[in-house]
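Taken from TrEMBL, the feature active site, proton donor applies to A:200. According to TrEMBL, the NADP(+) binding site annotation covers A:7, A:8, A:9, A:10, A:11, A:12, A:13, A:14. Here TrEMBL flags A:100 as NADPH binding site. Sequence annotations record features per position, and here TrEMBL assigns L-homoserine binding site to A:185. Among the features that TrEMBL reports, domain 'Aspartate/homoserine dehydrogenase NAD-binding' is placed at A:8-124. What TrEMBL records for A:132-310 is domain 'Homoserine dehydrogenase catalytic'.
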């Protein structure tokens, strides 16, 4: 029997209990031993719940119980999750977590400690919910140099953009609908401003290149400026607007960004709609692969955490994750990254002025918007775009990823 | 230094040498040791090739060299691959293979031997080329009961069906084009008759349910009966025709099949075109995930084999694969599997006769085919479909997967 403790009995925590109960036999068989939840840490009591008698309020009971071999942290937030996880690892317990804030901020240190203690720090559920991506990056794509990771990493924003595209509704209407359905939080900032996706692409990039990527260094733009007008322009050229977390290696430098981008139907992310997530990876010999699935949700996320518990149980005293060094990966200057830019300007802006600044551009005029037009530049550096566009009155700009 | 031997210096074998050379530093770092190709087994000589002095013609040199820790089998075919691999495992060497015939036929036995000898028998490249699917099934989807695996598992047939759909060409024309481009063999039977996909879904099903699935037991239908007329009917109802290898668990029984099927745009496989492969997996708690990428090709396949070499190198004396038992999984009777059926009949067939047999059906009439029409039945057992349709003159039937 292998004893585990679950920190936090919220959505994911109760999902883990449900998954362990539902698939008990096959999970125990795969883990090679019976997995037993000995404690659940939560401030609340849960009277009448089957786990009622496992509830403890004091973490030191868990930390100091040598019978607990695996600590499952699903509380979220950096504190006190960081202190709890660090203590568990230092006491020789493996840790499985779904906490992207924790992994993005302290992943390098926690991986190092887990390696020193010959235990495991696993975080499959921290990116892409139920989609297997951390383990494939760590164990499957080992023959390759990763050239690009681009992902639809946030279900809330993908739901909003999909609905705006499919139904033609505006941003505010769809956001409210998403809040009613529980797909968006009452305070949606972490999702719609791109902060959630930013932490996830930071984790993936750290893992791909083996060095610490500080999420604060990643240029991040949310979807709050995207209007139904932008969506209609996108549709007119057969494109979709998706919020991508992306990192690309070019001339030895890694350029990372979170922003809404135009993609066309040659991109496998094009048809990833609603709350689904997908992560596209390009390897130098493998070519393109994509991983698709439910990026959030109680049971898919719990399934990913439990797959980590199985792995930790199977590898009692073998460290299985590649560590990433705490040496900081200096990202390429965002001003030197190159894109094509889709730009909307009022009709007063003369096309000849646009041409003077950007050379030949692709002009897009839609009948229903008579007082404006759009254009797409050739590929130029972000710095050049900023300088040139500062001379124009701009309604909106969206980067083009094709 | 870790010595390996490569059996077969064809497309994949030379790809492996190329991948190991191209990404030498990062591969050695991830493997934790320098990987050195000591021998390449081939009947030919390869004068002037950098591996010229590693070529041997006699397998016993490799089998009897205790310095060789990993044997990489990329010869294809069951014999003598089976004898070579078995001998290697029995002598305590790990084996990595891309050989789907070998794995489908002898996987259970070879996994058992590898476990007894505490070495590894790895076969990521045997299904889906460069797409990580074997390792995710084995190590990531461990919290779930697998309810369905459906895949576009053969690039040649997917290329042919995609071209027929996109360009409106007929089967023979596209097949010839595919042969010229090297996407189809001169003798295309293994691909277009579904035999290749059949071995792959047998491997995936064996792994998912932990028991031997004999590929001979899987009902297999190729794409040679699919015409441009069928494609036009499919388009008219917003569907695509894809050759799927599929296994589904229902009431405790697993039903497996390879056949062309109609899928709609709610299926993530809908947009998987050209030579790309994708595997859709449904878990009872995870929901739907999909793995997408290059299903064949020299470097993608070699990348998958090399990821196995890295794993085997990291796990010198630890068996990491779940074994599947050699106990045979009795598949559900194909006559008891249930589908909706799209059927084309000549106009002479009276709709009232169709209704008498199948009840209410969805009728599809296309202007350009005045001497026939199509209909879609409700969901019925295969046996019932066969009995009822034997009373009708049928032009073609395709199962509907929505």
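Yeah, the Cβs are placed from backbone N, Cα and C, and that goes for glycine too.
Since we're looking at a predicted model, the values are computed, not measured.
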With a radius of 8 angstroms around the mean position of the C-beta atoms of A:7, A:8, A:9, A:10, A:11, A:12, A:13, A:14, what other residues of the same chain does the NADP(+) site pick up?
A:6, A:15, A:16, A:42, A:74, A:75
Any idea which of the binding-site residues A:11, A:14 has the thinnest Cβ neighbourhood at 10 Å?
A:11
Least Cβ-crowded entry, counting other Cβ within 10 Å, from the recorded positions listed as A:100, A:200:
A:100
Once near-sequence residues are set aside, which residues in the chain of residue A:8 (NADP(+) binding site), 6 or more away, have Cβ atoms under 8 Å from its Cβ?
A:41, A:42, A:73, A:74, A:75, A:76
Please work out the helix, strand and coil residue numbers for the domain 'Aspartate/homoserine dehydrogenase NAD-binding' (A:8-124) from the DSSP assignment.
56 helix, 21 strand, 40 coil
I'd like to confirm something. Which of the recorded positions, A:100, A:185, A:200, has a Cα closest to the Cα of residue A:12 (NADP(+) binding site)?
A:100
Round to the nearest Å and give the CA-to-CA distance linking residue A:14 (NADP(+) binding site) with the residue listed as 'active site, proton donor'.
23
Per DSSP, to which secondary structure element type does the residue listed as 'active site, proton donor' belong, with helix, strand and coil as the options?
helix
Using a 10 Å radius around its CB, how many other CB atoms surround residue A:9 (NADP(+) binding site)?
22
When the Cα-Cα distance from residue A:7 (NADP(+) binding site) is computed for each of the recorded positions A:100, A:185, A:200, which gives the smallest value?
A:100
Residue A:7 (NADP(+) binding site) has how many other Cβ neighbours within 10 Å of its own Cβ?
25
Cα-to-Cα gap, the residue listed as 'L-homoserine binding site' vs residue A:100 (NADPH binding site), nearest whole Å:
17
Out of the binding-site residues A:9, A:10, A:11, A:13, A:100, give me the one sitting nearest to the residue listed as 'active site, proton donor' by CA distance.
A:100
